[in-house]
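Visitor: I have a structure here, written as structure tokens, and I will follow up with some questions on it.
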Amino acid sequence: MTRTSTCVYHLFVLSWYIFLNFYISREAEDPRKSQIFLNGGQWKYLTFLNLVLQAIFFGVACLEDVLKRTKGKKDIKFVTAFRDLLFTTLAFPISTFVFLSFWILFLYDRELVYPKALDNIFPVWLNHGMHTFILPFSLAEVILRPHCYPLRKKGLTLLAAACLAYVSRVLWIYSETGTWVYPVFAKLSPGGLAAFFSLSYIFTIGIYLFGEKLNHWKWAKRHLA
């Protein structure tokens, strides 16, 4: 794909994520739908946090596209480095985790993560926008652009910090309100919760390493050529 086509693609995906975030923020103002966002607001859900994260990443990618055309690669090394760090440590692992964890739980028992009653509140296309399309966009980014991964220790540390921050928020919301962000948590004992969060983090590490290998597989030969 040419540089111009890649720029257009990034702009398209950025526009899509901006639209999704705007649409959801408007929906949250609906009295009937606002009940879902009680006790923590929409930002208690990893799904919505991920949509903001993806919008930020593709915004940075668009900025890097424009600056590369106007200033050249050497003058925008910081922007390129930030783009790569954001994608490799957060945008790719979290979007892939949201996709896989949501659909695994949904297919097992949707009441644990997305009760059927929500079908009457959120349209089907929005569900797929939040939980399905995020993976193809992330995989396309791997294929379209090489990304420089940080030292593994640094990358996994940043990812661990993000995971710990979210888990801390989930536990804080429960301590303050007595309600869990996701129904699946209410089904688990304290030991089960600890195991669930630990396995989720291990799963996320696996996704990070998969992204690293995928990037190497796609671009290593090109760099050696």
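From the backbone N, Cα and C atoms, a Cβ is placed for every residue, glycine too.
Okay, so TrEMBL annotates it like this:
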{"type": "TRANSMEM", "residues": "7-25", "note": "transmembrane segment"}
{"type": "TRANSMEM", "residues": "45-64", "note": "transmembrane segment"}
{"type": "TRANSMEM", "residues": "85-105", "note": "transmembrane segment"}
{"type": "TRANSMEM", "residues": "125-144", "note": "transmembrane segment"}
{"type": "TRANSMEM", "residues": "156-174", "note": "transmembrane segment"}
{"type": "TRANSMEM", "residues": "194-211", "note": "transmembrane segment"}
Visitor: Go through the chain and flag residues at least 6 beyond the ends of the transmembrane segment (45-64) whose CB is under 8 A from any CB in it; none is fine as an answer.
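Guide: Cβ under 8 Å, 6 or more out: 7, 10-11, 13-14, 17-18, 20-21, 24, 76, 79-80, 82-83, 86-87, 90-91, 94-95, 98, 102, 130-131, 134, 137, 141, 145, 166, 181.
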Visitor: Give residue numbers and ranges for long-range contacts of the transmembrane segment (194-211): same chain, 6 or more residues beyond its ends, CB-CB under 8 A.
Guide: 88-89, 92-94, 96-97, 100-101, 142, 155-156, 159-160, 163, 167, 184-185, 188
Visitor: Find the member of 7-25, 85-105, 125-144 that has more C-beta pairs under 8 Å to the transmembrane segment (156-174) than any other listed stretch.
Guide: 85-105
Visitor: Any residues 6+ beyond the ends of the transmembrane segment (85-105) with a Cβ under 8 Å from its own?
Guide: 46-47, 50, 53-54, 56-57, 60-61, 112-114, 131-132, 134-135, 137-138, 141-142, 147-150, 155, 158-159, 162, 184, 200, 203-204, 207-208, 210-212, 215
